[in-house]
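Asker: Got these off Swiss-Prot a minute ago, pasting:
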type     : residues : note
SIGNAL   : 1-29     : signal peptide
REGION   : 30-124   : region 'Beta-1'
CARBOHYD : 48       : N-linked glycosylation site
DOMAIN   : 126-214  : domain 'Ig-like C1-type'
């Protein structure tokens, strides 16, 4: 189900708010304080696209809802005593009721067609990263984090696998976090006691992906990790010496090119 809320609602909402405030039969309207707030909120609920649509319009006075229209009910209903004369008045006006009942099509289904391409059909692929919370040590408690970020829509499935088998115990999730830019993120953590040679995999399924994304993390001993770091350090050091050597070589070449043979006129 999809819910779209529009603060302020349709032109019909604005018209009825004006009628509600100015209509003499409503004694409470004449006694309103100098400063008050009237809000109308229109909500469209969609199931299976536009197969089933429900329209709800809420009228709020100073943060308290007092009357609403629900398309499933087909008429206005008072929420508080303040809304009772309003509901009775509007339900007695055939034109207003017919327009509200038609709003499911003229407002909800219409707007769905306008915004469907960049809301309902919008797809953004997630970025997946796996990392431990502590410096890796075998046979000690650790926490693996699978960070899934920047995806839309919010429906997503994240699983942890150990050596190809799904892990369910020790899995903790933050739940969906809104990034504020129409994308989401989620952190799914797995409690582990890593053993040498074990492979942990974070598997992500999302509507934007044609196939699941998997990111692996391998448990390594301290010696293996030290060897890997030494290898990386040696590689970087080798690149540094190569860069220095090339710099000296090209500088010397430039110096030789500036010399001229003896006796050559310039």
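Positions of Cβ are set from backbone N, Cα and C atoms, glycine also.
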Asker: Of the residues in the domain 'Ig-like C1-type' (126-214), how many are helix, strand and coil by DSSP?
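Answerer: Tallying H, G and I as helix, E and B as strand, the rest coil: 0 helix, 49 strand, 40 coil.
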Asker: Ten-angstrom check, please: count other Cβ atoms within 10 Å of the Cβ of the residue listed as 'N-linked glycosylation site', all chains counted.
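Answerer: The residue listed as 'N-linked glycosylation site': 8 neighbouring Cβ atoms within 10 Å.
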Asker: Could you give me three numbers for the region 'Beta-1' (30-124), the DSSP helix, strand and coil residue counts?
Answerer: 37 helix, 32 strand, 26 coil
Asker: Mean pLDDT over the region 'Beta-1' (30-124): what is the value?
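Answerer: Mean pLDDT across the region 'Beta-1' (30-124) comes out at 94.
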